[in-house]
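**Student:** Shown below is the structure under consideration.
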Amino acid sequence: MAEPTATVPPAPPHEGRASVTDWIAVAAGALGALMATLDISITNSALPQIQGEIGATGTEGTWISTGYLMSEIVMIPLGAWLTRVFGLRNFLLVNSALFIAFSMMCGWSHSLAMMVVGRIGQGFTGGALIPTAQTIIRTRLPLSQLPVGMTLFGLIVLLGPLFGPVLGGWLAENVSWSWCFFLNLPVCLLLMALLVFGLPSDRPQWSTFFNADWLGIAGLAIGLSSLTVVLEEGQRERWFESQMIVTLSYVSLAGMILIALSQRFAKRPIMRLSLMRNPRYASVIVIVSAVGAGLYGVSYLLPQFLAIVAGYNAEQAGSIMLLSGLPAFLVMPILPRLLGKVDFRILVISGLLLFCLSCMLDIDLTAQSVGHDFVWSQLIRGVAQMLAMMPLNQASMAAVAREDSGDAAGLYNMARNLGGSIGLAIIGTVIDRRTTFHTAALRESITANASIGQERLSAYAANWFAQTGDLAYSKMRALGQLAQQIQIQAVVMTYSETFYLLGLALLACVPLALLLKTPRTPQPMSSGH
């Protein structure tokens, strides 16, 4: 088998500065990662328009997002192997061209099937752009400038999902939902130009393709894709009450068994789980999974709360979500210096504690809570995400040898996304069950014979009677209004509890941060493990 590092671009000297060509390569990787992360969530706000145009129901429309996530999470760990097979520049150029084709397919879709196929293709080709960006930064920048590159990458990974729904909603309202996909055409063309100028041409290594770990590839394809569908659709399908979820769970288990067998028998497994034997790297993976759950969880909880309780539309909720992106721009100029001088453990622990604090600030929600009540928690959350994620990006690379950086980047990004999917699945289940519990408890406590129930019903009925003059109708509307208030209070209590659980999960990761390794500059790259 060919040496796996042969297609990795040579690293620049550890002393000195990166060349213009190196920075062009880094810009290409960053642009590709931005496009891929934007497309994860750009359809979220535009889903009503898309569903209406292609004739899909609300339940069917969820496959527009699930299809992308399902294929993306499969592609991320395959990126290192495909880079070795085709060469980095060839691989990224082909991926960019295919991303354009699938984006056009989505924009021109007139049926759900066509849209889902296009989104699966987008996820598969876009999934390669995220870990390869991290690999380019690691292999093209000297250690003295690595914090700048990693900060840029981390900023993109954080802000992409934040800007996606806002940009998608604006395009759907003011231009057309199709432009959520057509927007990728000029961006991809620019990306391809940067790739041609920034990366050297390298020859494919077909022997690596034919000698691949096909057992592991099959396990990844069926295992991760099935697991993603189970996590994304499980709550809507009532989990194991659905035959589809039961079947896919068995398929996912079979895929995991194939992956385990490949780790045992393959000469070079497609997914290097052996890297997890390194406690420093394993701690990064666990922490980034929890932070991923926090990022995805808050991105789900906050807009849902504002929509249900405060009556916000997607654009109004998006403006509150963007507050967490503001500290990123303020902290970014000083963060590379912090990464170069401050122990990673201090930064990550500070980030986790602040992220926990931001969640705890949101546990005292009321039915009167609106957007401005989340300003401080969102600003603190923005600082926390930067302090936690940026060092984790670099710590994941520092924990392994340079030749393992591609595999490490794939596992790191897969862990973040999978952690987010698992977190959302747990959050969905908690919300469903705790809302039912609180609704029943409130109904039992506010009976027709209770004084508070009588007072509320009388006030509501009097208000409706003053408007209509119909006593029977007024009593009926009063009962409906009381039931609605009970439901809203149950939602408020449930969301407060969910923020509390997220905070506890992040707090539990603090001890793991003590295992992180801070690289020192200047030093040989191989000393990072």
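In case you wondered, yes, glycine gets a Cβ from its N, Cα and C as well.
So TrEMBL lists these for the protein:
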| type | residues | note |
| --- | --- | --- |
| DOMAIN | 25-521 | domain 'Major facilitator superfamily (MFS) profile' |
| TRANSMEM | 23-42 | transmembrane segment |
| TRANSMEM | 63-82 | transmembrane segment |
| TRANSMEM | 88-109 | transmembrane segment |
| TRANSMEM | 146-164 | transmembrane segment |
| TRANSMEM | 176-197 | transmembrane segment |
| TRANSMEM | 209-231 | transmembrane segment |
| TRANSMEM | 243-261 | transmembrane segment |
| TRANSMEM | 281-302 | transmembrane segment |
| TRANSMEM | 317-335 | transmembrane segment |
| TRANSMEM | 342-363 | transmembrane segment |
| TRANSMEM | 499-516 | transmembrane segment |
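Quick one: where do these features end up spatially?
**Tutor:** Under 8 Å from some Cβ of the transmembrane segment (63-82) lie the Cβ atoms of residues 36, 39-41, 43-44, 47, 50, 56, 91, 112, 115-117, 119-128, 130-132, 135, 208, 212-213, 217, 220-221, 224-225, 228-229, 232-233, 270-271, 406-407, 409-411, 413-414, 417-418, 421, all in the same chain and six or more residues away from its ends.
For the transmembrane segment (176-197), the list of distant contacts is 21, 24-25, 27-28, 31-32, 35, 39, 42-43, 46, 49-50, 53, 89, 92-93, 96-97, 99-100, 103-104, 106-108, 118, 167-168: same-chain residues at least six beyond its ends, Cβ to Cβ under 8 Å.
Sequence-distant contacts of the transmembrane segment (243-261) (same chain, six or more residues past either end, CB-CB distance under 8 Å): 215-216, 218-224, 226-227, 229-230, 233-234, 237, 271, 273.
Within its own chain, the transmembrane segment (281-302) is flanked in space by residues 41, 158, 161-162, 275, 317, 320-321, 324, 348, 352, 355, 359, 374, 378, 381, 385, 388-389, 392, 395-396, 399-400, 408, 411-412, 415-424, 426-427, 495, 498-499, 502, 505-506, 508-509, 512-513, 515-516, which lie at least six positions past its ends and keep a Cβ under 8 Å from the stretch.
Away from its own ends, the transmembrane segment (317-335) comes close to residues 45, 147, 151, 155, 158-159, 162-163, 165-166, 169, 298-299, 302-303, 306-307, 371, 374-375, 378-379, 381-383, 385-387, 390 of its chain (Cβ-Cβ under 8 Å, at least six residues beyond either end).
Taking Cβ pairs closer than 8 Å, the transmembrane segment (342-363) reaches residues 287, 291, 294, 298, 374, 376-378, 380-381, 383-392, 394-395, 398, 495-497, 499-500, 502-504, 506-507, 509-510, 513-514, 516-518 in its own chain, all 6 or more past its ends.
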**Student:** Can you give me the average pLDDT across the domain 'Major facilitator superfamily (MFS) profile' (25-521), rounded to a whole number?
**Tutor:** 82
